[in-house]
Amino acid sequence: ARCQCKIAPRERKNCGPPGISAAECRKAGCCFNATVPGVPWCFTAKPRKVRKVCPVDPRIRVNCGYPGITAKECQSRKCCFRPRPAGVPWCFYHRTVEE
């Protein structure tokens, strides 16, 4: 993601050999910016910031339990529990979202 490449030039960590092209650099999963001389142009991206959330939309729930599972049993599996609406899993996995 573009925001993962917003790094101060002096904080860049080299991610490729001298003369690496922008395409080769990006193919390696790194950032490329050749506008600042004297610092790495191909550099390591910031780690992604992610968090787990319980999905609000019941249609995208992925079952983590079984019919009749209790909230306590569901939570012991480290899953989300919402006993509504009918016809969808009440115990379901978290989703990972980028911050």
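The first residue you see is number 1, and the count goes up from there.
The backbone N, Cα and C atoms fix where each Cβ goes, glycine too.
The domain 'P-type' annotation in TrEMBL covers 1-46 (among others).
Within the same chain, residues at least six positions away from CYS30 (disulfide bond) with a Cβ under 8 Å of its Cβ are CYS15, GLY16, CYS42, PHE43, THR44, ALA45. If you look up TrEMBL, you'll see CYS15-CYS30 (among others) marked as disulfide bond.
Summarising the annotation, TrEMBL assigns disulfide bond to CYS25-CYS42 (among others). Around CYS25 (disulfide bond), the same-chain residues at least 6 positions away in sequence with a Cβ under 8 Å from its Cβ are CYS15, GLY16, CYS31, PHE32, TRP41, CYS42.
Feature annotation from TrEMBL assigns domain 'P-type' to 52-95 (among others).
Within the same chain, the residues at least 6 positions away from CYS54 (disulfide bond) whose Cβ sits under 8 Å from its Cβ are CYS80, ARG82, PHE92, HIS94, ARG95, listed in sequence order. Residues or ranges marked as disulfide bond in TrEMBL: CYS54-CYS80 (among others).
What TrEMBL records for CYS64-CYS79 (among others) is disulfide bond. Counting only same-chain residues six or more apart in sequence, the Cβ atoms lying under 8 angstroms from the Cβ of CYS79 (disulfide bond) belong to CYS64, GLY65, CYS91, PHE92, TYR93, HIS94.
Taking the Cβ of CYS91 (disulfide bond) as centre and 10 Å as the limit, one finds 23 other Cβ atoms among all the protein chains shown. Annotation comment: TrEMBL describes CYS74-CYS91 (among others) as disulfide bond.
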Next item on the list: For the domain 'P-type' (1-46), provide the mean pLDDT of the predicted model.
Entry: 92
Item checked: Residue counts (helix, strand, coil, in that order) that DSSP gives for the domain 'P-type' (52-95) -> 9 helix, 8 strand, 27 coil
Notebook entry, point to check: For CYS74 (disulfide bond), what residues in its own chain, 6 or more apart in sequence, show a Cβ-Cβ distance under 8 Å?
Noted result: CYS64, GLY65, CYS80, PHE81, TRP90, CYS91
